[in-house]
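Quick look at what TrEMBL lists:
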type: REGION; residues: 357-380; note: region 'Disordered'
type: COMPBIAS; residues: 361-370; note: compositional bias 'Polar residues'
type: COMPBIAS; residues: 371-380; note: compositional bias 'Acidic residues'
type: DOMAIN; residues: 414-491; note: domain 'Recombination activating protein 2 PHD'
type: BINDING; residues: Cys419, Cys423, His455, Cys458; note: Zn(2+) 1 binding site
type: BINDING; residues: Cys446, His452, Cys478, His481; note: Zn(2+) 2 binding site
type: REGION; residues: 489-511; note: region 'Disordered'
Amino acid sequence: MSLQMVTVGHNIALIQPGFSLMNFDGQVFFFGQKGWPKRSCPTGVFHFDMKQNHLKLKPAIFSKDSCYLPPLRYPATCSYKGSIDSDKHQYIIHGGKTPNNELSDKIYIMSVACKNNKKVTFRCTEKDLVGDVPEPRYGHSIDVVYSRGKSMGVLFGGRSYMPSTQRTTEKWNSVADCLPHVFLIDFEFGCATSYILPELQDGLSFHVSIARNDTVYILGGHSLASNIRPANLYKIRVDLPLGTPAVNCTVLPGGISVSSAILTQTNNDEFVIVGGYQLENQKRMVCSLVSLGDNTIEISEMETPDWTSDIKHSKIWFGSNMGNGTIFLGIPGDNKQAMSEAFYFYTLRCSEEDLSEEQKIVSNSQTSTEDPGDSTPFEDSEEFCFSAEATSFDGDDEFDTYNEDDEDDESVTGYWITCCPTCDVDINTWVPFYSTELNKPAMIYCSHGDGHWVHAQCMDLEERTLIHLSEGSNKYYCNEHVQIARALQTPKRNPPLQKPPMKSLHKKGSGKVLTPAKKSFLRRLFD
């Protein structure tokens, strides 16, 4: 195993905990930036270009018939083939968190629409589900099993918001374990079916899942209800006859206690588990080798990489599988230094030999990442903002160049901001205030100066006033600027008319004498 430090271009701030990596025929793509994509890169998917331990993120493009793919953090992802013998390689994406702290319940299928030299055009389609539709969640797993010439998705675990009937103002954004149900998803027809297995008693999140043929193995994970990482090992087998599918679960010995670990495949039947946590604030520094047989699984410790002192002493770490037996790792930077980066990154190569194309896509395991410690999660709803140095992407003629010169500063246009000195909108306690609000507080634009966004609730607006101002292009001024705005809007006084000097009412030499009526009219005119 070899560990190498990676330098990243100006776009290093894109890489935050919760991202995913997808490997298409040896090319790696980044997905899941923290914050909404910019207008000049609306897809939010980037080519993960690694050369000589230097990383560049280059915006990827989508075909015109693609649906919109929001940036999702902590989703469940897996590679997918229509059949075990198919050559078409796709990725399934389910769930995850949006930048507004909302949870997704949608399924997206990403595939390559066309490939020209090194430039890849993706196609993204959204799959509608019917039946027992899984609730929105994150930190779960989705895998694909193959049985009797058919394929089926297997979804398990994760976390979700508490039901609306149990949510209070103080715990509005509190999450709970999802029920330990196993969902079978037919990607062809969009049907989802839930199964209750007696062996699965607790909901788990940020576990490791490995799929082989008709079987999925579930290792480790974290339970919020009991706050433990049980050393469980489950074997879920799916049989797909012509009729109703059969799903059974077996509890196996020899599991490991770990959450948020990263899984990579080194050959046809061997996987390596790296990273994760064995306690709430204690990283798991050992690596595990997982060997699969037809109906067997063996887990053993393997040689530990030569971790650097920074990695050893960091409280958190995160990353994702790059494919080809390589893992991308990140740790926080040293905030004691004024010029330190937010994160430092490494690549860990677990296999010295390249995998074949067939081996690259056999693994259907979850890319597990977790909020760094359940006691101190990242502020997921904080809007993403580029650093001052991030003026553009380092690109070449083969890729589109990212330009943010025309972008707004999301740090002041996001919904979760402090809009005024008396702002009382708190992301952790926010509840709908107006009937028109759904998932985020209503905002209105103050026209003073360069303009800024304020919460309608903080400005004590009546709902009818809010609707009226939102319907047209009316100017609005917040409580702080309304007096200034009124002064600016005071009509300017017209200057007094200049009185011309009185001329003789009798023009000399004209021979004409003005009548008394004309004299009176001229006096009123000049006065």
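Every residue number used here counts from 1 along the chain in the order it is shown.
Any Cβ shown, glycine's included, is placed from N, Cα and C.
Automated prediction, rather than curation, is the source of TrEMBL annotations.
The two recorded residues, Cys423 (Zn(2+) 1 binding site) and Cys478 (Zn(2+) 2 binding site), show a Cα separation of 12 Å. Set side by side, the binding-site residues Cys423, Cys458 differ in how many other CB atoms lie within 10 angstroms of their CB, and the most is found at Cys458. Taking Cβ-Cβ distances under 8 Å and a sequence separation of 6 or more, the neighbours of Cys419 (Zn(2+) 1 binding site) in its chain are Val425, Met443, His452, Trp453, Val454, His455, Cys458, Cys478. Across the residues of the domain 'Recombination activating protein 2 PHD' (414-491), the predicted structure has a mean pLDDT of 79. Listed in chain order, the extra residues whose Cβ falls within 8 Å of the Cβ center of the Zn(2+) 2 site residues Cys446, His452, Cys478, His481 are Cys420, Tyr445, Ser447, His448, Gly449, Gly451, Val454, Tyr476, Tyr477, Glu480. When the binding-site residues His452, His455, His481 are scored by other C-beta atoms within 10 Å, His455 scores highest. Sequence-ordered, the extra residues of this chain that approach the Zn(2+) 1 site, with Cβ no more than 8 Å from the Cβ center of Cys419, Cys423, His455, Cys458, are Ile417, Thr418, Cys420, Thr422, Asp424, Val425, Val454, Gln457, Met459.
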